[in-house]
Amino acid sequence: MSSKQEAVVATRLTDTNIVTSKRRDTSGFMVQWKNWFVNEGTKRFCFLLFLASQVYLFSTTFIYYTFGTDFKVVMTLSAAAALNLDCGIILFPVCRTIISHLRITFLNNIIPFDKNITFHRYVAYAIVFFTWVHATAHYWNYRMLGIATSHSAEWYAYLSGPGLTGQVSTIALFLMATSAAEVVRRAHHEIFWYTHHLFLFFFAGLLPHGAFCFVKADKPPICAVGGSFWKYFVGGGALYMIERVVRELRGRRETYISKVIYHPGKVLEVQIKKPSATMRAGQYIWLNCPEVSPFQWHPFTLTAAPMEGFLSVHIRIVGDWTGSFARACGVSLTDADKGLEAKVGQAVDLPRIMVDGPYGAASEDWMNFEVIMLVGAGIGVTPFGSILKTIYYLKTQGGPGSERLARLKKVYFVWVCRETAAFEWFQTLLMMIEKELPDLVEIHHYMTGALKPDQITNVMIHDTSVGRDALTGLNSMTFYGRPSWDAIFTGLKVSHPETDVGVFFCGPKVLSETLHRMSNKHTDSGGTGVRFYYNKENF
């Protein structure tokens, strides 16, 4: 973005509601610690607590078996102590029904439930590490046993009770871990989805693994330590079984596709009869289309407002499942110009669809702030479609929830796109908002891709004096290039002193890291009093 455009953005962000405040001291450890704690405190504390539990279990078990008993396989037992806890809690973060209910309680201020998938990954990393330690130590033990007894090392490793169950669990873990790598998960989601269900074999091998009296003490009772993993697993396992039953029952609710709209940019809007469920703006659902795949469920953020009589999602056609689903909905996809072109064919029987949800997400907390900045990148704009619709309906028509909306003073909507066609997805909504809520909602469009020759000509000859942008048809102008986030955050800080600003984002990881860093950098508890709370979609 040019320096002139940066100046325009900064001016638009600072020319309203400017309040002059006496600047306070920003130095000092306590002030800096408060600034850091806004976005990092609870999640870092929870991570350190988890890390401490790993160190404690491994070290105390190591010390106990080294000095306090007659057991000689210290390393395997120490790693097993940490594995018992990790494998016992690994399922809880993916119990999304329970997580959705917990995140709307006071506990969400202490435990960052929106980071449930991140925590699930951390626990998985720990399981992989301690499995490696446990298995490596046992292979050495098998070698020693092969020398000292009549059985071979191979028999102990592959045919004995602990060896066979350990191999089953280790192979299942290896396949799950490798297929969950980001490069595989994004390019081949189906492989990730199916392979992750090997967790059934992982736990099937793990539950009896320690119950064969393989590790014996030198003195009676020689089997004082037997199978104990079930004690750790029973709680998390029971919760997960209940979760899966609830999902299955909820997914069977009667619903159907009522309307399909194909948008430019290979985006399919699907409107669905609202099932008997309460929804809130910013939530997401999981969709299953048995005609495409009876087992695959995919998450999509809701773009309809709660007061509308239907659910809607915008689906970017980028993979096998989305392509097959689009064809099932009557959209014909053909290769042309090394891309996808789509045409809606004649009337077709729309496929049966199953809906699980809605579930809570980070964007659901937008009503907790007086000032919010909604940042969407490409198709990442979808959760903010629902939020903007809700704001529009509550402000213009009233209804349940309008009293909570009264505290909302300003909304900054920032949409970053590579293609101009994307701006058409919510064009009608944005036009209505500009007309009815010009003082509440401020819209910023950023075009980061190259314009086509005809678009350049249109921009050059279009008379901007009429007050509408040549590309979007909106009153707000389109900026060309990437946003200057420093200028934007600085403008917000000047415009809204002594205010907690909610920053909500959905989009690629690189931009998320930038916004996260900017939120921390510009949080100014000791100066202007502005605190930027960063929230990112995670599902």
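Cβ atoms here come from the backbone N, Cα and C positions, even for glycine.
If you look up TrEMBL, you'll see 45-67 (among others) marked as transmembrane segment.
Taken from TrEMBL, the feature transmembrane segment covers 73-94 (among others).
The annotation transmembrane segment is assigned in TrEMBL to 122-140 (among others). Listed by sequence, the residues of this chain that lie at least six past the ends of the transmembrane segment (122-140) yet keep a Cβ under 8 A from its Cβ atoms are 47, 50, 54, 58, 73, 75-76, 79-80, 82-83, 86-87, 89-90, 93, 157, 162, 166, 169-170, 173, 177, 180.
According to TrEMBL, the feature transmembrane segment maps to 155-177 (among others).
Under the heading transmembrane segment, TrEMBL lists 198-217 (among others).
The annotation domain 'FAD-binding FR-type' is assigned in TrEMBL to 250-365.
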Which sequence positions outside the transmembrane segment (45-67), separated from its termini by at least 6 residues, show Cβ-Cβ distances below 8 Å to it? 73-75, 77-82, 85-86, 111-112, 115, 119, 122-123, 126, 130
Sort the residues of the domain 'FAD-binding FR-type' (250-365) into helix, strand and coil with DSSP and give the three counts. 15 helix, 49 strand, 52 coil
Non-local residues, at least 6 beyond the ends, that sit with Cβ under 8 Å of the transmembrane segment (155-177): 124, 127-128, 131, 135, 138-139, 141-142, 145-146, 195-196, 198-199, 201-206, 208-212, 214
Lying 6 or more residues past either end of the transmembrane segment (73-94) yet within Cβ distance under 8 Å of it, the residues of that chain are 53-54, 57-62, 65-66, 116-117, 119-120, 123-124, 126-127, 130-131, 133-134, 137-138, 141, 199, 203, 206, 210, 215, 225, 228-229, 232-233, 235-237, 239-240
